[in-house]
Amino acid sequence: MQKPPQSIDFALKETSPKIGAGAVTGDKLSSTYDLVEQMQYLYVRVVKAKDLPGKDVTGGCDPYVEVKLGNYKGVTKHFEKKNNPEWNQVFAFSKERIQASVLEVYVKDKDVVADDLIGRALFDLNEIPKRVPPDSPLAPQWYRLEDRKGDKAKGELMLAVWMGTQADEAFPEAWHSDAASVGPDAVASIRSKVYLSPKLWYVRVNVIEAQDLVPNDKSRFPEVFVKAMLGNQALRTRISQSKTINPMWNEDLMFVVAEPFEEPLVLSVEDRVGGNKDETLGKCVIPLNMVQRRLDHRPVNSRWLNLEKQVIVDGEKKEIKFASRIHLRICLEGGYHVLDESTHYSSDLRPTAKQLWRPSIGILELGILSAHGLMPMKTKDGRGTTDAYCVAKYGQKWIRTRTIVDNFMPRWNEQYTWEVFDTCTVITVGVFDNGHVHGGAGGARDARIGKVRIRLSTLEADRVYTHSYPLLVLHPSGVKKKGEIQLALRFTCSSLINMLHMYSHPLLPKMHYIHPLSVIQLDVLRHQAMQIVSTRLSRAEPPLRKEVVEYMLDVDSHMWSMRRSKANFFRIMGVLSGLIAVGKWFDQICNWRNPLTTILIHILFIILVLYPELILPTIFLYLFLIGIWNYRWRPRHPPHMDTRLSHADAAHPDELDEEFDTFPTSRPSDIVRMRYDRLRSIAGRVQTVIGDLATQGERFQSLLSWRDPRATTLFVTFCLIAALVLYVTPFQVVALLAGIYVLRHPRFRHKLPSTPLNFFRRLPARSDSML
């Protein structure tokens, strides 16, 4: 089923940026930082000052440094009453925007009325040296300060001034002239940063039994269960079948936890004394640092733990230890991979325990060049503006580019590298609008502009892919293009043998197959892992905010969507379209639409019947030839978001509104009723199809069940006759006669259904026993 191409506006475009990859230049940058365009910057590192004169009546000064280049001005923090201050602050001025020939560095004394000039240093831009990593950083020098007339002033300033590129190690920490309008409090929120996801573990708690419980009401049989809490995760066992003071469960509870372990595991044994009333019979607290770490399926040692109970004495809670105990096995599972993202877009499949990791098979390099055509995401001073930054996630490493302030065509030109352990993984790149540049309120959120996913297994090794990807976001009003992002990507394979051998390994660590977790367990644990990752990264500085992490991890991908359901149905039809096409072709052969082709098929069939050892070689040779033939039309670019495949460009507005509805719903009752009725009608059709499939299966079962004694008699008799005939007749003769019968000429056919089909349709099913 060939789907029509999507709009050219939503398509991928190949680009030719001026990057170093593949170019022969004398610049060292070309070999180490070659997936981005070079951007020249003037760097000024203000280190410290000494012997500054006192400007106020007390003989002290409140110094700060002002670095000025044309219309751009950067200012350090000021110190109270300090004559030998240290700043160690870096300023970066984009060479593209330099409109002056002199760099001016002023040391000033902060005052209530007007700041006094202590001294200055001037630099001719033509005399500033150029530095390219991996050259060592330029050593700062002491410069004698001058007054406005050029005469020597008291005090000295230690500076380093050089021309460099974004490859310079000072680049991430620098104050940028592009962000001159950003206040000092918000500077941290616009810098580039590398983050690491917390190391996640599964915690398995096998609750075996408890002994010598002391229920408050001894006149009834206790209904006891165990409740386990770890942070904001709470699980409970079923109520024990043995309703005694020595209950048994032998039940597993699974949690997700991140290093460093901040909270203990709390187990409480509770008695269900009423409909909604539980009494705590005992409690124990287990620090996770003391828990055994398991790397394989070998059982861990069980432990008996004492339970503690709180009693109220004279109005105060006191803990008393008594003879009740609980029997447990508890371990940190290092042999599993803790799923923290959708399984379809996983970027990492390694187990938690580092000693179980296989060696890396290559390097992934990503150059985030620029974006263009971005839409206004917010309003400032009565006009639309966008403060864009990128986030990329692969494995445990997240990167965040610097924020380009108030620009619809931002140029980042930042390059990052990841180790690759499995090519069947996906890198995700998202673009966001920074809502905290101008001191956004506490409720401000970073708005999503769009994201791109690239599967590494679709990339050729050592090839540089330079494409412009559309940034598509689904809104309740439909799919919107928010701009385009230009990326450069290269996957370098370090070991071809290891990479090819990887295709024979299971996708997940072996513990997922030896002791598999249920689908429901995996869904719950994945949700918990996503919450832990988003909470930890939102506490970093600058924070990678919760809404950003959730968008990158596709937190809501499991929610119901009519549009996504339709898209998945048509994906299944696309997969089956090949079989349907083969069926139509075979029907044409049987009906002699093209006599020459049918005769050739007859000849091929007779050859294969006479020489059956050629059947499998013929099939595999045919598949080989198809693969070689399709090589000419192989994809030459990475896959990207497809609006037609997603049914995003043809979705009904009400279906989109339903997709963006909260859970539980927040829509009016009449809309919910209409959607419920629509869902019932769809479910009714699905129910009919499932019923028809069940009917066909039950008819097969009734062939030998004697539910219809006459039909079963006929079938059993036919089986006896067929067994005798096939025993005395060579198989090749039977196959030849059957094939010629199936391929017979239309004049020997009739339009009525065949006898076997008529017999099958008359067989009984259990549908007449349904209410």
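Keep in mind that glycine also has a Cβ here, set from the backbone N, Cα and C atoms.
Annotations in TrEMBL come from automatic prediction, not curation.
What you see is a predicted model, and the numbers here were worked out from it, not measured in a lab.
According to TrEMBL:
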- 23-143: domain 'C2' (DOMAIN)
- 181-305: domain 'C2' (DOMAIN)
- 345-469: domain 'C2' (DOMAIN)
- 569-586: transmembrane segment (TRANSMEM)
- 598-631: transmembrane segment (TRANSMEM)
- 714-743: transmembrane segment (TRANSMEM)
Integer average pLDDT (0 to 100) for the domain 'C2' (23-143): 82
Residues of the domain 'C2' (23-143) by DSSP state, where helix covers H, G and I: 10 helix, 52 strand, 59 coil
Residue numbers, six or more beyond the limits of the transmembrane segment (714-743), whose CB comes under 8 Å of its CB atoms: 589-590, 598, 601-602, 605-606, 609-610, 612, 703-704, 759
